[in-house]
Amino acid sequence: MQSYGKDDQIDLKNDGLFKSVVKSISYFLLKTTYQSNATGKNNLSLLLKGIILYINVNSKGNSIKSKIQLRNLSVPTENLFARKSFNQPSRYQNIFQRHASTLFKPTIFCISVSSGAIVLAAIIQYERLQSNAKIHSRLQNLYNISKFGQQKTGVISEIKSRWNNLKPSEKIFGTILVLNSLVFFAWQVPRWQHIMVKYFSTDALANKIPVSSLLFSAFSHSSSVHLAFNMYALFTFCRGVIHPWGKLGPEEFTAFYISSCVVSSLVSIVFRRSMKSPGISLGASGAILSVVGYFALSHPEEKLSVIFLPMIQFDAIYALFGLVTVDSLGILLGWKMFDHAAHLGGTLFGMFWYKYMSKYVWGNRRYVVRNWIALKKLVDVQSRK
């Protein structure tokens, strides 16, 4: 329903008698057509005459009002069907509004998680660089006191020692592997199935999409083969993008990986909802392909090979073009075996992070750190009062 101002209310009483007569004729023609159809006769010409006559009398009597109503819409005054579509929203407009309202919360969640991950990673990196040695010294002293000077022995000490000797890429991969494994084992519990389907997979056609599923579904695998292949791919490529071999620090990579999780899930939801494609989607493939996209641009001439065909080698940049081509064809041709929208969205996001986000967003994290330092000083002053 569209509202109009008081200037739009036009009185056309002078044409009342003319309109009543012509309307009666048009109703008679319509009634005659209906009766003829009921008796098996097809009288389409009478039906069209009645409709045209009724439209003409309305257009003559309401021409002034039509011009006022449609002036701002740039629709010809003679086209009363177009005016009707504006006065009463069409089915497609309602569908678009319903889809937009359904995707609003997932979009806001995606932006919030990505921004929050970047801010939190910048703060953690600052704290680690500023007080890493001090914290390590304090923890070491506390540990020695608790052990009363005894020699470090036992399973916990051995695990801690091995963990500290790991490279940053290995620590990050180990954490992601543990999280994915825990979620995989949760899928094996029958009474948890309804929780796993709701929060650890994305259903694009659901009336209400749990926003947390955009993140949790990227740590979710219902098949052991799916989990094994994804974790192997992540282990292969994350070492090439994290220090010391790659350009990303552990904090930036964590923010990048979490952002790629929600972005690839959102792309999948938007595409499958627009195509009305049923089914659920889960897995870390979108986030892993973000890492692959970043790796291919940062190491374009690095040699890669197929897992079961090590004799076939090719440059990383050509592998990237191949992945983009396959996923694009999967979207265009409607292949259903993989979530090609999530794969393509993740790959493009990895390329976008390499070209822009790493330089213009993460490169300007000093503004976040500056506000964090000011906040810490403010809290310290307030605590002393």
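One is the number of the first residue shown, and numbering goes on along the chain from there.
Using N, Cα and C of the backbone, Cβ positions are placed for all residues, glycine too.
Feature annotations, courtesy of TrEMBL:
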- 103-124: transmembrane segment (TRANSMEM)
- 172-190: transmembrane segment (TRANSMEM)
- 211-233: transmembrane segment (TRANSMEM)
- 213-358: domain 'Peptidase S54 rhomboid' (DOMAIN)
- 253-271: transmembrane segment (TRANSMEM)
- 278-297: transmembrane segment (TRANSMEM)
- 317-335: transmembrane segment (TRANSMEM)
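Helix, strand and coil counts from DSSP across the domain 'Peptidase S54 rhomboid' (213-358) read 101 helix, 15 strand, 30 coil. Within the chain carrying the transmembrane segment (172-190), a Cβ under 8 angstroms from the stretch's Cβ atoms is held by residues 166, 196, 200, 216, 219-222, 224, 227, 230-231, 234-235, 238-239, 242, 250, 253-254, 257, 284, all 6 or more beyond its ends. Contact counts against the transmembrane segment (278-297), taken as Cβ pairs under 8 Å, peak for 211-233 among the stretches 103-124, 211-233, 317-335. Per-residue pLDDT, averaged over the domain 'Peptidase S54 rhomboid' (213-358), rounds to 92.
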